[in-house]
Amino acid sequence: MPASVALAGAVLCALLVLAAPSLTPIHRAGYCAFYGECGRNPEVNVSLVASKVPCLSNQPAQVATGTVLALLRSVCPELVRGDNETTRVCCSLAQLGALQLSVALSGAVLSRCPACARNFANLYCNNICSPNQSLFTNVTRVVNYTTTQGTTKLAVVEYQCFYQRDFADASFTSCQGVRLPATGGYAIDTMCGRYGARLCTTQRWLDFQGDKNNGLAPLQIDFQLVPNGTQPGDAIVPLGGQAWRCDQALSDEEQPCSCQDCAESCPPVIAPSGPPPPFRLGNADGALVLCGLLFGLLALIFIIALMCRCQRSKKDATPEPAPARATCCSARLSDVSHRVLARAFRWWGTLVAGHPVVVLVVAAVLAGLLSAGLVTLRLTTDPVELWSAPGSRARQEKAFHDEHFGPFLRTNQVIVTAPGRPSSGYESVDDERLAATTAWAPASGREVTLSDICYAPLNPTQPGLGDCCVNSVTQYFQNNGTHLAMTATQLDGKVTGTVDWRDHLIYCVNSPLSFKDITALELSCMAEYGGPVFPYIAFGGYPGSEYTEAEALIVTYSLNNFPRDDPRHEWVLSWEQRFLEVVGDFQRTHGPNLSVTFMAERSLEDEINRTTGEDIPVFAVSYLVVFIYITLALGEYTAWRRILVESKVTLALGGIAVVLGAVFASMGLLALLGLPSSLIILEVVPFLVLAVGADNIFIFVQEYQQSQREPDETREQHIGRVLAQVAPSMLLCSLSEVICFLLGALSSMPAVRTFALTAAVAIAFDFLLQMSGFVALLALDARRQEVLLFLFLACAGLYLTLQVPVGLDQELAMPKDSYMLQYFAALNQYLAVGVPTYFVTTGGYNFSSSAGTNGICSSAGCASNSLTQTIQYATRFPNVSYLAIPATSWVDDFLDWLNPTGRCCRIHRFGNLSGEFCPSTSSDPSCLGGQCLNTTRRPTVEEFEQFLPWFLHDRPTLQCAKGGLGAYDTAVSMDANGTILASRFMAYQRPLRTSQEYTAALRAARDLAEEITTNLRQVPGTDPDFEVFPYTVTYVYYEQYLTVVAEGVITLALCLVPTFGVSFLLLGMDLRSSAATLLTITMILLDTVGAMALWDIPYNAVALINLVAAVGISVEFVSHLTCAFAHSTQPSRVERAAEATVNMGSKVGTGRGATAARDPGLPGDGRDRATRLSLTLSWAQVVAGVAMTNLPGIVVLAFAKAQLIQIFFFRLNLIITLVGLAHGLVFLPVLLSYMGPSPRVPAGDAAGDTREDAVAGSEQGVGLALSNPCFEDKDKATVPGQG
């Protein structure tokens, strides 16, 4: 097989030679094919360099002496013979000078890999100057050229060049992996024409070098690759030899190419470990198995305990009456505390009821004065200020980045697709109209144009419209309609055809860095503003790298991001508003044919504010429904015709006024203290306070309605007695909730902290206003499911809790009718690259030292664990690192810029500008030989500090593509002394779709930055506090999800602590009742979070706020019943649980179950009778007060437009209310009937109690509305214990 291939190649080459004109009759060592210059090539119309061609000369090679030899030694050292040998060449001094320029141009992008640069230079050196040029060169076409002296010569305009395939392949392979630090792409992208790096081969690479239409080649070269061991014939000997491998050093003083440019130089790279696999036990979900085992264990413990209890009950079936037990110390302590509270509240209630008008006026004035602080209220709408703590790592890193490099650019983007139409038929957005858009800035009183606000990387000081960075497909035509409409006739082999915009586009998407395509159009691929447009930014929805099969066109406008206090901030907002209007008109006009999605930087905040305003009526209706319910539920009705009379409109209005007064007063007070508020506080806190306040109102009003005035008792004394009965329970709940929210304010999230503080203060004010204003207003207005089911639900909730997704996709923040939802869908479907990610270095690193430079760069001689090399390693594993494109590196390009073989860094050697920087475009004689460095080496500290500012402000040109202006002028922050304070290196993430991916990308980037920091701190002279951190615009939003789970657990745990502590203290150190409260609230939280997984509610800071509020609402569901049970004097736990459920369950409900509780006609006795009693009376009321206060308002929220409100306020609050109701009225009484404390001995029954204690006990007995008087017939005025 190899023999046949070689034979075919030899035959082909021989035919080519025979078919070519005999312009090089002599193919012999020591003979040239051409020599000297014969003017410009008449066949090249547009060239980026002088297209001078050689003269036909099949003569012996010339001896190189003097200047020619010196220049040859610099440009083509391999052609220079030893000192005792004569060096011959086939090039003149002028040709050698042009060759030096060509080598310098290629060296600008290839010099970072010495082997590649040397191999590429050798190809040109042999082509032009080799003394054996005629052996592998065959001139095929010439034209006449008349010299200035009038003589005629033959100018070579095309020739064949024969290479051995292995030699050519080795040269190509050494350059194939060389990177372009400024783009993260490959240098070969610029050297293979329309094929780009992905499709480039040795033949295509050489063909592009020899294409006269590429803007650089002065004539046409037909490269022929001859298989080894074959001869083309006619004495032609293909050029061969050994090319340097990229992992070889050219000398002992030089280094091989780095790993980033040469895969052969890379050490073995161990793939990083990905995320841990899901926890499994065999083939089953491990968490599910463990939760099932936990349920089984708890169920077994419960059943065993139940069996033991039943066994004891059988043994004690006929017990002798037990003697009364002496009251324990803790019970006496509880009695004393409740006696004190009851007396205090009785006195206070009587006092307020006696002076209602005065109390109402004072309460209203105080609440009004505090509410006046709302005039100073600052409403925070900036998501950064809401969800990211000022002291958080992401905020600090953002502040550091913005201080040194300015805020992240603002992005305005349009995505256009043509469903059902071929890509060649696309109509694009009218870029010219968008670019010409102007907007009126009212505050500044001026018209704003795009050039006033755009990011102009190559002309940042005085940008014109063409300088603005706009990335789109039309930029391949410099946004010029004339260029887009151009056609030209082109000969391709023997076929003549017409080239148009399609041919230019195909060329540019594969070679976006080209200054000139190889078609007859001869257009540049560079954008109008001077930079390249990478196809993965301008196209979307293409398979692999087939950009011409893209389904979407993407137009991106990059604008400067000014601080909010800068007048130009209004300019950019005004222009973006006009941008949205123009694109919206385009969408409506072309809607039948095109799918147009778009966004501006302001769109997110605009849409959130819009939907908030639109949902205000929904909240208003929600409060109105709650008000109507409270009005009706507080009344006692005897007939339909008396419903208006018997409804409690005044009390309902008063209750609402108390809630609103508490909320406004709390917000006003905190505003006076300088604490900002937010929309989420306005939406959640009133509901929370209403839930808490309404519960207390129901208990108070309905206890008053059921209580009958005793003989000789005034109305004021009656109100005081009722308040003494209910106020301690209200105090317990309110105090628990206040402390709970104060501890919740320890959260690092600003939104959670301000919510918790506002809720704590509002609940405290609500309690105070209820104890004053509402009492005065009242004076004026004259059983259950089995425990095993809940244990199962708790275990199921625990399992489902582990399945709840963490995060908040930005789509959920938008209303369902927002244009942004279409944009997000298109973005996720079509965008092929993620957002830029900067790796930022802080101060304390010495870039100017050789070790410091090597610790950053990735070219030859750099450390294998350098910053850019480490990032490059990470891009090999994008599924773990989430990085797709390696980092740009100003250090690498700075070193290339300093390379003495190029003309980038030059100094004026004499004249008025002596010692100043000489641009690469200057032809001033004072710049000749003025290279900044004489040899390829690292700069000294002094040279580094002198030349770096020149590099950063050097505009890239064809003569020097490595200039730093635009790419790096904002990447380095220096002080007046030239000390580098910060720098950044930009990589690109892979496309990220969900908040979980964004969070994982942040975690991976921080891990990578910590690894880099550890490596760089080992460089001599590095400050121990030096660090590298990743930064992108999204990190400040997604950082919260790194800790939100742990912070949520801690916050909720802190909220549970005071609930247990306050209950434990106020219930006389009753550990069992307090533990039951804690357990029930914990189960409510578990089941709530579990239900979140079932109803697609993600866990995030908004959910955490609702869960913190859920603790407060759960206290209302639980604490009243626990208090009632703890102070009941019924003889058994079951009867005490039944009494508590009937009395308090109905007051947490509609509140009128006490009358039914006294009905002696209920069937059954013992546990059965108590259970029926409880279920009949509590569920006869259907629902509970807290639940029914919340439910009407919650249901209305289902009609809100904002998905955020529907998910986190309707769904989540509905879950909280229903789960809390079920646990409070079903599970808790069952739990207390099994594990509650022993029955409390009525006052006066315990041995040793005195008559005085018994009388005092009467007050204590009514202290929490939980003792027998609340259950006795109201016509009995006797006090328990007093006969």
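The backbone N, Cα and C atoms fix where each Cβ goes, glycine too.
A quick note: this is a predicted structure, and the numbers were derived from the prediction, not measured.
Annotated features in TrEMBL:
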- 1-19: signal peptide (SIGNAL)
- 287-308: transmembrane segment (TRANSMEM)
- 347-370: transmembrane segment (TRANSMEM)
- 615-780: domain 'SSD' (DOMAIN)
- 616-637: transmembrane segment (TRANSMEM)
- 649-673: transmembrane segment (TRANSMEM)
- 679-701: transmembrane segment (TRANSMEM)
- 722-749: transmembrane segment (TRANSMEM)
- 755-780: transmembrane segment (TRANSMEM)
- 787-808: transmembrane segment (TRANSMEM)
- 820-840: transmembrane segment (TRANSMEM)
- 1075-1095: transmembrane segment (TRANSMEM)
- 1146-1166: region 'Disordered' (REGION)
- 1179-1200: transmembrane segment (TRANSMEM)
- 1212-1232: transmembrane segment (TRANSMEM)
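Over the domain 'SSD' (615-780), the average per-residue pLDDT in this prediction is 78. Within the chain, the transmembrane segment (1075-1095) has long-range Cβ neighbours (under 8 A, six or more residues past its boundaries) at 790, 793-794, 796-801, 803-804, 1052, 1056, 1059-1060, 1063, 1103, 1107, 1110-1111, 1114-1115, 1117-1119, 1122, 1211-1212, 1215-1216, 1219-1220, 1223-1224, 1227-1228, 1231-1232, 1235-1236. With Cβ pairs under 8 Å as the measure, the transmembrane segment (347-370) is packed most heavily against 755-780, out of 649-673, 755-780, 820-840. Across 649-673, 722-749, 820-840, stretch 649-673 shows the highest tally of CB pairs under 8 A with the transmembrane segment (755-780). Listed by sequence, the residues of this chain that lie at least six past the ends of the transmembrane segment (649-673) yet keep a Cβ under 8 A from its Cβ atoms are 363-364, 366-367, 370-378, 623, 626-627, 630-631, 634, 681, 685-686, 689-690, 693-694, 697, 701, 754, 757-758, 761-766, 769-770, 773-774, 777-778, 780-781.
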